[in-house]
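What follows is a single structure, written as structure tokens, with notes after it.
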Amino acid sequence: MKDNPWLALVAGLLTAVVAVLVYGWVVRRTEHRAPVEVSLKGAGAGISWGTLLGIALFGAVIANIAFFGDYTINGLGTPASAVALLGVMAGAAVTEELVFRGVLFRNVERWTGTWIALALTGSLFGLIHLLNANATLWGAIAIAIEAGGMLTAAYIATRKLWVPIGLHFGWNIAASAIFSTEVSGSNTAQGLLDATMSGPALVTGGDFGPEGSIYAVVFGVLATGVFMWLAYRHGHVVPVRRSARSDVAASLSR
């Protein structure tokens with residue numbers, strides 16, 4: 001990544017595009033329907049708004065940490081790494097959203113309804129992060145609550161993957177490429193800023209990074225609440241009984 005940041009950028013973006021194309025192909029072949037959740041209509045707006053929101057939310061986390069003197073900017077970091085991180089985080093955001101929201105949540109929801117599926121897949125999303133180098137149990141729990149909840153709720157509210165993809169990308173880009181903090185305990189390379197963090201782990205997230213901060217959890221929960229309110233307004237929340245009945249009826253009609 002350090003040797004050729006532009007190659008890393010292109011590789012990450014290409015990975016994202018190929019992942020979406022493969023997802024669409026699989027949905028058509030296995031579910032015999034158009035993959036409307038990755039329809040190009042509204043893709044640009046969804047990704048853009050999601051990215052801006054993700055950057056703003058993580059920026060709010062850093063602002064609160066910095067308010068108490070626990071985040072300090074020392075100068076310019078490594079712009080080349082920031083470029084590479086754009087590609088890395090684009091590939092990661094797209095593939096993770098396709099897997100966790102596009103495949104897992106969507107299919108679990110058919111059997112359990114929205115709320116149970118949100119809890120189950122959000123928890124799994126947090127547990128997966130225990131595999132990272134500097135993972136902590138609290139960090140995984142925090143990710144399950146703030147990211148597993150927020151990203152899934154963004155999908156429920158829109159029933160498309162573009163906003164959660166943008167939200168995921170913006171959050172990670174702010175954490176890595178802009179503010180140069182650890183992302184989910186994964187030994188993240190330095191980004192645009194040369195910054196240091198110190199202070200209680202509950203505030204800073206410790207070795208796991210700011211995603212383990214109580215501020216990240218609070219802002220994630222608030223965002224989840226807003227998205228779920230929008231989901232209710234648009235009639236996008238599937239109750240348990242309706243989801244089970246629809247699947248039984250579908251199986252009997254075959």
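Cβ from N, Cα, C; glycine included.
Fair warning: this is a prediction, and the values are worked out from it, not measured in the lab.
Pulled from TrEMBL, these are the features on record:
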DOMAIN    81-173  domain 'CAAX prenyl protease 2/Lysostaphin resistance protein A-like'
TRANSMEM  6-26  transmembrane segment
TRANSMEM  47-68  transmembrane segment
TRANSMEM  80-100  transmembrane segment
TRANSMEM  112-131  transmembrane segment
TRANSMEM  137-157  transmembrane segment
TRANSMEM  169-193  transmembrane segment
TRANSMEM  213-232  transmembrane segment
Completion exercise
Taking DSSP helix as H, G and I and strand as E and B, the domain 'CAAX prenyl protease 2/Lysostaphin resistance protein A-like' (81-173) has 84 helix, 0 strand, 9 coil
Exercise for the section: Tell me, roughly as an integer, the mean pLDDT over the domain 'CAAX prenyl protease 2/Lysostaphin resistance protein A-like' (81-173). Expected result: 96
Handout entry: Long-range Cβ neighbours of the transmembrane segment (6-26) (under 8 Å; 6 or more residues past either end)
Key = 35, 38, 83-84, 86-95, 98, 102-103
